[in-house]
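Please find one structure pasted underneath; my questions will follow.
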């Protein structure tokens, strides 16, 4: 047995470098995971990745940059995949648009106690096919039957406004967000392809143990919400319509995944929400941060005035909006922010508290 995969030792998978600061902060796992990894090395062998690991990460992207160091610190073995098998990863690409059940690619994957799916699945039947092919590709039937599955998702399954991947149709006009609290028991938006694929995975229980972890906006490493202000609110009118935002740091995402792996009986068959327990107000953030300092030669931001200084027009816009709408102080009341997400049940169930909050550090 390869010494790197012995029980109590980490596998040959390597932690990856964080994404560059130019990459956008997203509320979903749709970034190309391969872009976060070093180029291929000749030392990687298919044989070394066919052994048993504690956690198999399907899609070594941003999340893995926090998860892999945590697994190593707990002496848990792991393997991770990328589309081209670069670094010490396994070459594996899942196409949810294909109906193929060719097991060759799956046989390259190691046996695992827990399989973590970091990429979105949107097509009907694809979640079941992924699980089925992995099971059938195992050398021993009981290995496939015993594997537990974690799908990382997004809190976007409750808003129903995301355009389908590859669609050429114009996005629908924004719908007014109902002022209400959402928790993990709230029904997802009807017709949301990603949410329906997650439901399909959950329905595999109890014969196959699965769970879904819906993540709020992701930050940490090179991902900073400060760099997001100008994109989500390029104009004063766009800012007027901005309400709440919910976030979770990569460190806490990794801790949550490890908690599920260690206590899967608590997670099985359930959909969970993960936030840092706070509801942030976009007006409050835009007023406090403004825009990142402009580089010399960059054109002024739309609506920018000389009086705005280096932070751009957003703090002034917020002041004007407060005057126009009768808001006396920031942050605004949760009831005025639209959707508010309650993630207490995850933290209570697994006996954890978020380490990173208030978007600091």
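A Cβ is built for glycine as well, from the same backbone N, Cα and C atoms used for every other residue.
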Which stretch does TrEMBL mark as region 'Disordered', out of 1-45, 46-90?
1-45
When TrEMBL marks a stretch as region 'Disordered', which of 266-290, 291-315 is it?
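Checking TrEMBL against the ranges 266-290, 291-315, the region 'Disordered' one is 291-315.
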Per TrEMBL, which of 159-180, 181-202, 203-224 is region 'Disordered'?
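When 159-180, 181-202, 203-224 are checked in TrEMBL, region 'Disordered' belongs to 159-180.
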